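**Q** My structure is below; once you've seen it, I'll send some questions.
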Amino acid sequence: MADVTVEVRGSNGAFYKGFIKDVHEDSLTVVFENNWQPERQVPFNEVRLPPPPDIKKEISEGDEVEVYSRANDQEPCGWWLAKVRMMKGEFYVIEYAACDATYNEIVTFERLRPVNQNKTVKKNTFFKCTVDVPEDLREACANENAHKDFKKAVGACRIFYHPETTQLMILSASEATVKRVNILSDMHLRSIRTKLMLMSRNEEATKHLECTKQLAAAFHEEFVVREDLMGLAIGTHGSNIQQARKVPGVTAIELDEDTGTFRIYGESAEAVKKARGFMEFVEDFIQVPRNLVGKVIGKNGKVIQEIVDKSGVVRVRIEGDNENKLPREDGMVPFVFVGTKESIGNVQVLLEYHIAYLKEVEQLRMERLQIDEQLRQIGSRSYSGRGRGRRGPNYTSGYGTNSELSNPSETESERKDELSDWSLAGEDDRETRHQRDSRRRPGGRGRSVSGGRGRGGPRGGKSSISSVLKDPDSNPYSLLDNTESDQTADTDASESHHSTNRRRRSRRRRTDEDAVLMDGMTESDTASVNENGLVTVADYISRAESQSRQRNLPRETLAKNKKEMAKDVIEEHGPSEKAINGPTSASGDEIPNVPRTPGEEKTKNLKEESTQEAAVLNGVS
């Protein structure tokens, strides 16, 4: 601020020293020396520039001079106008012009100077220009020492930063300064930014130096990471280094990228070791027996993937036979793993345990094979353990013969073969089957006796329909009755069959729950046959509708039409149709309830086939 010095006229006529702070349209903002007066704006006509410093001091008697003095002790010294009255050596007797003529004072030569010839300032006496300061440089520009070289280059009287307008103020008494400021301002701001960056780096280096000196006596570890593993050690966007720095007690981590060396400093050995575990990545291999490689990998790599996930390694590679980078033992295949030291240790434990398990299992399997071989040599029956070996067609459980209910080997094709055999069987076989089926439980196992759409329903009135055909005078509505006594009788009768039909009864017992086509042939009293002797689905539907209508009729209507229904049943089995379950007389006589031998039945059928009309498919003539 001392660079732009002016003299401000006081109320007593003396000129006091001041400094220009800002230039306005018609005034100056002035700060007084030692702040004896507050900062204020002074008009141009009360301000003048001081005389040049190299002015010659040639003073003689009678000259007007200016005396550096003060009116009282409370005011500072100022330049007062006076006149020299006498000279004696270095002392001068002066008379103040502003005071009475009687007020004289003796002063020394140093307090005197010739009268200042400078006039009061005008509007074009001082020039001011401004430069906008970027936000990142405002703090640096607040220091006036940063503009020392710039001030000298442009010839300014003063350069300072104005915080309210965020601008640099350049004050000068020369108009050429404004042109130079416009030329050099950008360069000046760039130089400030560069200096600021260098100063910041120097400060960081100084702090690092101090920190290094302090850490030299603390705990530290140093390790080297291979160049191809450096990316894993650093982590994505330096995540591993950041994680290591967050370990409590770690003070600094340094990395020399040229040599791949990490240096960790900490307050304790445990903290340094823990931080090292995050960044120290290594590659190691484990030898696996060749015959166990497939089992170690697992189906679709499931086993080796589980080992990798649990251990924490990041990569696994199996070295090929044509690669000789690693030492290889006979009959062994190297598995190469990449990860931290801790994860490599984990994978070694997991893999060694799994290999030991596989070897033990292989040993047990070999012992089993030896035992089986010894059993075959002795001649005993084959051993059937709980392994995964195949079972032959003659396999037995070893605990007795297979029961009828525990033999699950019958397939759907065997059932169809059985049905086709029965459809082509003779009348004697059908009669035997008819007698056996009539003794079964009418509703099937665990099924309702109402004869609905369930799987056990159609068998409910099987034997009763045959009895109606043989005895038309009987009550046809007995088909709807299913008493407990009938079930008991059927159950008793079903247990008295001959042992020669044991296999066939076992098959039929398993298929009783399914509504098969053969059951429809023996059960229906109205169904017609096709060329192969099979009953169609339409026949089942018509029979179910007929039975449903019979059940829904009122009791009075049922009692009234009993005899008519019996006659209809007899007429349906007249000479116009072929009988399903046996031959009928050509004259339409009632069927005698007399049993015939199988030979008589066949002879009777041959005679009737020559005289009766050929049956049409589905019973339509």
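Positions of Cβ are set from backbone N, Cα and C atoms, glycine also.
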**Q** In Swiss-Prot, one of 2-28, 218-244, 326-352, 353-379 is tagged region 'CC2 domain'. Which stretch would that be?
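**A** That would be 353-379, the stretch labelled region 'CC2 domain' in Swiss-Prot.
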**Q** Could you tell me the C-alpha distance between TYR68 (phosphotyrosine) and LYS56 (SUMO2 cross-link) in angstrom, no decimals?
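**A** Taking the Cα atoms only, TYR68 (phosphotyrosine) lies 17 Å from LYS56 (SUMO2 cross-link).
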**Q** Which three-state DSSP class does TYR68 (phosphotyrosine) fall into?
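**A** The residue in question, TYR68 (phosphotyrosine), is strand (DSSP, three-state).
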**Q** Determine the mean pLDDT over the domain 'KH 1' (222-251), rounding to the nearest whole number.
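**A** Result for the domain 'KH 1' (222-251): average pLDDT 89.
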**Q** By a 10 A CB contact count over all chains shown, which of the recorded positions listed here is most packed: LYS56, TYR68?
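**A** Compared across LYS56, TYR68, the most Cβ atoms within 10 Å surround TYR68.
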